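Over in Swiss-Prot, the protein carries these features:
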type	residues	note
TRANSMEM	30-48	transmembrane segment
BINDING	Asp31, Val32, Val33, Thr34, Gly72, Arg76, Thr82	CDP-1,2-diacyl-sn-glycerol binding site
TRANSMEM	54-77	transmembrane segment
BINDING	Asp68, Asp89, Asp93	Mg(2+) 2 binding site
BINDING	Asp68, Asp71, Asp89	Mg(2+) 1 binding site
TRANSMEM	83-110	transmembrane segment
ACT_SITE	Asp93	active site, proton acceptor
TRANSMEM	115-140	transmembrane segment
TRANSMEM	152-166	transmembrane segment
TRANSMEM	176-200	transmembrane segment
Amino acid sequence: MSKLPFLSRAAFARITTPIARGLLRVGLTPDVVTILGTTASVAGALTLFPMGKLFAGACVVWFFVLFDMLDGAMARERGGGTRFGAVLDATCDRISDGAVFCGLLWWIAFHMRDRPLVIATLICLVTSQVISYIKARAEASGLRGDGGFIERPERLIIVLTGAGVSDFPFVPWPPALSVGMWLLAVASVITCVQRLHTVWTSPGAIDRMAIPGKGDR
């Protein structure tokens, strides 16, 4: 979860726990909720953002991102999740994040025609995946790879706020998208460096590895 107090697990638990119990009673599983939330989030991002409906797209994506958090609450109510569920949730998060940046990239590239902003968006798209991969690959090797400025909640807050404010009804501020995207791009690159440094300083990180055989590749 985020380091921000108002995005803490405890803060959301007050809202999500009763809803999670209700969903479990009607027979839904955490994995089904994960897939439904991701599907809706991706559909909203890839439909509304390319049409230039940035405020509506930001609201839809944010709603279903919050909806997707119900799967964790449901798993806790059932006494714990499964390893497959954890992998599915992480995979769907990457798909959802990718859809957000791809939808915005389409609008920026083909309608705004802002080349510098295209570059910033591409940086955000790539680093959003790399940040998560560094942690996953490090933990698979028994090392630490967490921390850094930007985690998923902060990433979504920055990009969705920038998109929404740039197209806000009645009082839009168009530069907000560019400001948010460049801020996120810089912070994301720094986070990649921070996480790599965390991996490098982990115990055993520079120990030599056995050379894999042909059958291991």
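The backbone N, Cα and C atoms fix where each Cβ goes, and this holds for glycine too.
Structural mapping of features recorded in Swiss-Prot.
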residue : record                                  : Cβ within 10 Å
Asp31   : CDP-1,2-diacyl-sn-glycerol binding site : 18
Val32   : CDP-1,2-diacyl-sn-glycerol binding site : 13
Val33   : CDP-1,2-diacyl-sn-glycerol binding site : 24
Thr34   : CDP-1,2-diacyl-sn-glycerol binding site : 25
Asp71   : Mg(2+) 1 binding site                   : 28
Gly72   : CDP-1,2-diacyl-sn-glycerol binding site : 22
Arg76   : CDP-1,2-diacyl-sn-glycerol binding site : 16
Thr82   : CDP-1,2-diacyl-sn-glycerol binding site : 13
Asp89   : Mg(2+) 2 binding site                   : 22
Asp93   : Mg(2+) 2 binding site                   : 19
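In this structure, Thr82 (CDP-1,2-diacyl-sn-glycerol binding site) belongs to neither helix nor strand by DSSP; it is coil.
All protein chains considered, the CB of Asp68 (Mg(2+) 2 binding site) has 21 other CB atoms within 10 Å. Cβ proximity to the Mg(2+) 1 site centre (mean Cβ of Asp68, Asp71, Asp89, cutoff 8 Å) flags the following additional same-chain residues: Pro30, Val33, Thr34, Gly37, Thr38, Met69, Leu70, Gly72, Leu88, Cys92, Asp93. The binding-site residues near Asp71 (Mg(2+) 1 binding site), taking a 10 angstroms Cα-Cα threshold over the set Thr34, Thr82, Asp93, are Thr34. The binding residues for CDP-1,2-diacyl-sn-glycerol are recorded as Asp31, Val32, Val33, Thr34, Gly72, Arg76, Thr82; their greatest pairwise CA distance is 15 Å. In this structure, the CA atom of Asp31 (CDP-1,2-diacyl-sn-glycerol binding site) is 8 Å away from the CA atom of Asp89 (Mg(2+) 2 binding site). Nearest neighbour of Asp68 (Mg(2+) 2 binding site) by Cα distance, taken over the binding-site residues Val32, Thr34, Thr82: Thr34. The transmembrane segment (83-110) shares the most Cβ pairs under 8 Å with 30-48, out of the stretches 30-48, 54-77, 176-200. The two recorded residues, Thr34 (CDP-1,2-diacyl-sn-glycerol binding site) and Asp93 (Mg(2+) 2 binding site), show a Cα separation of 9 Å.
The list of residues near the transmembrane segment (176-200) in space but at least 6 beyond its ends in sequence, with Cβ under 8 angstroms from a Cβ of it, reads 54, 104, 108, 114, 116-117, 120-121, 123-124, 127-128, 130-131, 134-135, 138, 143-150, 154-155, 158-159, 161-166, 206. Taking the Cα atom of each, Asp89 (Mg(2+) 2 binding site) and Arg76 (CDP-1,2-diacyl-sn-glycerol binding site) are about 14 angstrom apart.
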